[in-house]
Amino acid sequence: MLRLPKSLSKFVTGQRSLPLRQLHARSSRRRSHPKNDDEDKILRRQENREAHLHLYKSRGQHILTNPRVLDSIVRKSHIKPTDTVLEIGPGTGNLTLRLLEAAKYVVAVEIDKRMVEVLHKRVAERGLQNRLSVICNDALKTEFPQFDLVVANIPYGISSPLVAKLVYGANPFRSATLLLQKEFARRLLANPGDSEFNRLAVNVKLVADVEFSMDVSKRDFVPCPKVDSSVVIIRPKAEIPDVNLDEWWAFTRTCFGKKNKTLGATFKQKRKLLDLLKLSTKTCSSSESAASDHNCDHSNKAARATDDEGDTDETEYSLSICLDTRMSMFREKVLGVLNSGSFEDKRPSKLSNEELLHLLALFNQAGVYFHDHSKPRDEDSVELAAVLSL
């Protein structure tokens, strides 16, 4: 009999403590026709458990209990007998047990030690413990081992950074079948012109194809969440565009800050132009940028010389003239890029990835950059969690 700590049976304000039998999904076929006496005993023990387990909605702990939905997720994942499957947030193991029946090996990442205890004992009762590895840690901070597929009921609160970690991560995989909040799934599936289309869809679709699989009712979970869910399948592309990802992420962040604003209006903002000028000056090695810096160096030297003589007003005036001149030239360059590609009156929310890639290429060719290339590459990795944000 599975015995849990007494603390697990206490109530937490606003939460409900649930019998384990409510959390463990099994098909009616198996209940009615157990394979043997041993399995029948195991099922009876599970039915008779009196222990309770707390689920925290604030942590996204919603256990999928509908056996038909669980079986459908496994079926749609097209798992091969030789596959290693990565599962994130296995909970009490309803999906895990089905994955173990279909795959060669399962790696489950679970942050809640209570869930890990339940998962280990349920798997051991089936004699499948040698085919399961459980990593008790935060999935966002864990280095995943090699795997072939991802099949998971993703906690809603980490959907965006976790999808980013998967599609932009170093581990190659065949597909990811993910159960997500319905609204989040719609954003992943959105196309240019759709009201949901934003930076999330743009960044994911650069490197992967996203397919809708099915909707899942909130009534299929315990405890019942406030919203319905959807299953999507993400398949990494065999070939991705030859683009600097740091540039791409920074560029899409600029464009989709106000996705329904025209690009002309976005790039005419003085603060935006000044930020881009600073970045482009660090990165660009074109003769035009070098000449501009050379002129400013002369102006700065002259300013320092007059400053030595105590003429601070003339110094400030000289620096102001230099900056205004550079800003004016840079503004004309940016608007020239937009006009050359007929982008000035277009809105990011209606542009395809191909059009956005073309615009970024035009900017870079003109010496306009969106990312600070002076930063070491690994410093930007900490921003990956925000790559797919709105």
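Cβ atoms are placed via backbone N, Cα and C, with glycine included.
Listed in TrEMBL for this protein:
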BINDING   HIS62, LEU64, GLY89, GLU110, ASP138, ASN153  S-adenosyl-L-methionine binding site
COMPBIAS  23-33  compositional bias 'Basic residues'
COMPBIAS  34-43  compositional bias 'Basic and acidic residues'
COMPBIAS  294-307  compositional bias 'Basic and acidic residues'
DOMAIN    69-238  domain 'Ribosomal RNA adenine methylase transferase N-terminal'
REGION    23-43  region 'Disordered'
REGION    287-312  region 'Disordered'
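Neighbour counts of Cβ atoms within 10 Å were compared for the binding-site residues GLU110, ASP138, and the top value is held by GLU110. Computed over the domain 'Ribosomal RNA adenine methylase transferase N-terminal' (69-238), the whole-number mean pLDDT of the model equals 96.
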